[in-house]
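Features reported for this protein in TrEMBL:
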type	residues	note
TRANSMEM	6-26	transmembrane segment
TRANSMEM	33-53	transmembrane segment
TRANSMEM	73-92	transmembrane segment
TRANSMEM	119-139	transmembrane segment
TRANSMEM	151-171	transmembrane segment
Amino acid sequence: MSSQYFVFGIAAAITIGVQSIGFTLAYALRTEIFYDILGGINYLVLALFSAISGSDKSNDTSTLPWTKDWRKIVATCLFICSRGWLLIFLAWRAHERGGDARFDEVLGKKGGRMKPLTFFVYWMAQAFWVYLISMPLLFINSSSVKQSDFAAYDIAFATLFGCGVLVEIVADIQKALWVRSGRPGHFCSVGVWSFSRHPNYFGEIFQWWCLWAFAQSSSESNRSYADPLWWACIVSPLFTMHILLNMKPTGLCNAEGENLQRYYDKCPEHYSAYRNSTSILIPMIGYRHVPMLLKRTIFFDFEKYEYKPKEDNSSKKE
């Protein structure tokens, strides 16, 4: 068990180190261009570090433990595919947009002074996010348990993890192609976007729940379901959900609510029909028939995501 905590500790130090280097470069050059790139690289560094630093209980030292455990191989390869795509996509998007508007005020691009402390907090927040997301993979690769063949449980969650990664990639590509084609129809409702208003966020959340469940088989505890370290790794999907469902700078809070005004101004009836018949997160058919109580609870279509037009102050005057 101590070897697992050692890997987790070193991984934390690596994460802080990578982000600190990124902040130093970005601060010196007064740019945010390294932010998403270093975040993606940090994921890949942790994946490779945990793969080569893992251990097992066999006496065979001719090969790395990682190469003898299919659970570690599958989890690491899918993780690298997921975070590698994120790195490529975010770097491409930043290039297409000419930067990241989130940092305009922090970097003083709007005429104000640069806020170095706030800028540093951004980088450390990303370090926190990268580390928490990576915890299930660190758990799997640091395990010294001699694994048996894949069970049905392993196959199921490995497949579902891969499906989550695929949904996110397909959603990102379809949205990018739609934007490139001139945004026909004012809002994206092509491909997987016809089954979910935010399939990319669904894929991101779903894959980390699946990886956490998949990690259970790598527990060193005699009672794997009671392993405290495995349960600690549940912060990976929970934190992802919190970021994408509740944080205003990103996720649903940024995409829904008052930001829907552009759709209601241009095509109110068309967008309203799409919104009522399309799940906010979980891809599905027949959403229009789901009772509002279920939409507001298990389907995450909370009232805070509704568009509420601002009242015209002049109309209040008597």
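Each Cβ is built from the backbone N, Cα and C atoms, and glycine gets one as well.
No curator has checked TrEMBL annotations; they are predicted automatically.
At the 8 Å Cβ cutoff, the transmembrane segment (119-139) and the transmembrane segment (33-53) share at least 3 close pairs (sequence separation 6 or more) and count as touching. Counting same-chain residues at least six beyond the ends of the transmembrane segment (33-53), those with a Cβ under 8 angstroms from any Cβ of the stretch are 7, 10-11, 14-15, 18-19, 21-22, 25-26, 64, 66, 72, 76, 79-80, 83-84, 86-88, 90-91, 94, 99-100, 103, 122-123, 126-127, 129-131, 133-134, 137-138, 140-142.
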